[in-house]
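Asks: Annotations for this protein, taken from TrEMBL, read as follows:
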SIGNAL    1-18  signal peptide
DISULFID  Cys76-Cys82  disulfide bond
DISULFID  Cys87-Cys93  disulfide bond
Amino acid sequence: MIALTSVVLGLLASLSSATFVTLDNNCGYQVDAAFFPTVEFNQSQTGGFALTSAHPSATVLLADNYDGEIWGRTGCDANGNCESGGCPGGESCTAPLDTYATIARFHLNATNGLDEFGVNDGLGFNIPVTITPGPGCKRIPSMCGSSVGSVDCTNWGNEGNGCGDTNYCPTTVAYTVTFC
């Protein structure tokens, strides 16, 4: 009984420090979500998976203090070779991307209980990407003066609302990353 209680408490503790990120594919074609470092999906660690028209949405968990990137890959074959957004490791990335892609960047619990996040195309643009913070983020000003709402990159050259900016929300907030 004590062992079971320890397992349950450990699971609850890990979930309480994790941040939920919902991924939505609105592109009308398959986008392979990619992560570096890995995230938790279906109770295992992964560096990526396909978001298809049959399954266009998924929720992943980012570990407390996660400092990494999420991006969409396009034109991927069964071996994980992609036209854009490719990475070492095939379908499940084992290192950062090695081609161009629009990046959703997260650094959780980065400063005084705040998450840093933003979308940028500094490594190249492949598809529009939007990050929408969930309830609990009350337009906290970023250090460069912009405010938080949806943040997106819609085209090459940092076009969009807050593309290239760093934004902040309390660490307890969940996020949605939308492709297209």
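Quick reminder: no glycine exception, Cβ is built from N, Cα and C everywhere.
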Asks: Give the helix, strand or coil assignment DSSP yields for Cys93 (disulfide bond).
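Replies: In the DSSP reduction, Cys93 (disulfide bond) maps to coil.
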Asks: For Cys76 (disulfide bond), which residues in the same chain are close in space, meaning a Cβ under 8 Å from its Cβ, but six or more apart along the sequence?
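Replies: Spatial neighbours, sequence-distant, of Cys76 (disulfide bond): Gln30, Asp32, Ala50, Cys82, Glu83, Gly86, Glu91.
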